[in-house]
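Engineer: Quick one: this structure, given as structure tokens, is what I'll be asking you about.
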Amino acid sequence: MSVRHQDGGFHAWAYLVSAWLVELLVWSFPFSYGIFLNFYATDPNFEHYSPASLALVGSLSSGVLYLTSPIILPIINRYPWHKRNAMILGVIICVSGLVGAAFSTKVWHLIITQGILYSIGGSLLYFPMTTYLFEWFSAKKGIANGVIYSGTGVGGVVTPFVVETLLEKYGRRTTLLSLAVAFLVLSVPCLPFIKPRAPVAQVVDIRSINTRFLSFSPFWILFAANLFQGLGSFLPSLYLPTFASDLNLGTTSGTLALAFLNGASVPGLIFLGWLSDAFDIRWSILISSLGSALAVFFLWGFSEKLAPLLAFACIYGFLAPSWSALWPRFVATSDGDDPRQASSLMGIFIAGRGIGNVLSAPIASGLLHPWYLTNKSTAAYGLEGYGPLIMFTGFTLLVSSLGISYGSIERQWRHQHE
């Protein structure tokens, strides 16, 4: 196998399309879990469980996916000839998790199957795929990363309506079994096109990962900003369907809001990916974090009808999920563009988002209680339990904007080490 060119050609575009579809399949189910959460709350098998335990399934289904990245990425980089086997095993485990969830009768069954098992399988399929991004794309890696991540948004538009329709017509078991079959049928044809640019023998490197970035202050600034962004960013997609039901807007309104949020992330990811390639990364950080925080405070917080809720979903969806398109530039800022080092660093930033996602559900459940404005306002701030949740979400996103300070810290660090 000859070494192929970066940033273009059939094999690069075939990889990009296949990676996009894998992104869609792996992430659209966790990001559509709000539909399942709303359904499980009235399911005879699960309605007697606390909302916090049911929400935990959703936060684990995405959080464990993120968290496993710093474990899986170093292993597959050390043994790259096993990437294909890992992806095949990942498909099998994902399908098994969905089938297991179909036959679950207790919440801990869902936690193990739809929460943990699905995410472990997804990580084995997904992260080997991501390692090839830095091989196939260099100058265009920001926009290529945005295109791949937009698969989540496209899946997030379609999947909520598919899931809601299947749940209403056929129930939980048939829905999850159908999703398992669809996952298998759509993922397998992608595998032949997700491959290395150079022969494996030429890219194997048994050196340990260089940890010099740990002493680089800008890395920690970006990591902290990424962690805070992860704490808040998942909560709207998790609670919008339930929020719409509590506003008496109907189940379909919540599904529509979630679809708008996920759909708006498609152009948002591509736009911020392009912006991070073309301009200083600090502009992208500021636009994503500050813009999404303001949308939470002033649109979600004052929503009482469908129109402002959909406006919030569109603006928030364009800005907040698009943060993940910035990770390749975070990596380049932290320690250059070496593909092997870069993929491991990418795993660290992804895991930072995972820590935030896993912690967000139990924190949110502790915030869903009456506060000062409860029943004193017709807007979302006055809806029982949601005021503190909205404030927490907006605050964490606002704190993530401090990531722009990495530039001044970087200049100080380099001045001290010259």
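Count begins at 1; order follows the chain as displayed.
Glycine residues also receive a Cβ, built from the backbone N, Cα and C atoms like all the rest.
TrEMBL does not curate its annotations; it predicts them automatically.
Model, not experiment: these values are computed from the prediction.
What TrEMBL shows for this protein is this:
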TRANSMEM  12-40  transmembrane segment
TRANSMEM  52-73  transmembrane segment
TRANSMEM  85-103  transmembrane segment
TRANSMEM  115-134  transmembrane segment
TRANSMEM  146-163  transmembrane segment
TRANSMEM  175-194  transmembrane segment
TRANSMEM  214-235  transmembrane segment
DOMAIN    218-418  domain 'Major facilitator superfamily (MFS) profile'
TRANSMEM  255-276  transmembrane segment
TRANSMEM  283-303  transmembrane segment
TRANSMEM  309-327  transmembrane segment
TRANSMEM  348-369  transmembrane segment
TRANSMEM  389-409  transmembrane segment
Engineer: Would you kindly check 52-73, 85-103, 283-303, 309-327, 348-369 and say which stretch has the most C-beta pairs under 8 angstroms to the transmembrane segment (214-235)?
Structural biologist: 348-369
Engineer: Going along the chain, which residues at least six beyond the ends of the transmembrane segment (283-303) come within the CB cut-off of under 8 Å?
Structural biologist: 225, 229, 232-233, 236, 247, 272, 275-276, 309, 311-312, 315-316, 319-320, 322-323, 325-326, 329, 379-381, 387, 390-391, 393-395, 397-398, 400-401, 403-404
Engineer: Cβ under 8 Å to the transmembrane segment (309-327), counting only same-chain residues 6 or more beyond its ends: which ones?
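Structural biologist: Same-chain contacts beyond the flanks: 142, 145-146, 149, 152-153, 226, 229, 233, 236, 240, 243-244, 247, 249, 253, 256-258, 260-265, 267-273, 276, 281, 284-285, 287-289, 291-292, 295-296, 299-300, 303, 346, 349-350, 353, 397, 400.
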Engineer: If we skip the immediate neighbours and take only residues 6+ beyond the ends of the transmembrane segment (389-409), which ones have a Cβ under 8 Å from one of its Cβ atoms?
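Structural biologist: Sequence-remote neighbours of the transmembrane segment (389-409) are 217-218, 221-222, 224-226, 228-229, 231-233, 235-236, 239, 280, 282, 285-286, 289-290, 292-294, 296-297, 300-301, 320, 323, 333, 356, 363-364, 367-368, 380-381.
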Engineer: For the transmembrane segment (12-40), name the stretch out of 85-103, 115-134, 146-163, 175-194 with the most CB-CB pairs under 8 Å.
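Structural biologist: The listed stretch sharing the most Cβ pairs with the transmembrane segment (12-40) is 146-163.
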Engineer: When you scan the chain for residues with a C-beta under 8 Å from the transmembrane segment (115-134), skipping those not six or more beyond its ends, what do you find?
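Structural biologist: Distant Cβ neighbours of the transmembrane segment (115-134) are 15, 18-19, 22-23, 26-27, 29-30, 56-58, 60-65, 68-69, 72-73, 76-77, 80, 83-84, 86-87, 89-98, 100-101, 141, 144-145, 148, 187, 194-197, 328, 337, 339, 342-343, 346-347.
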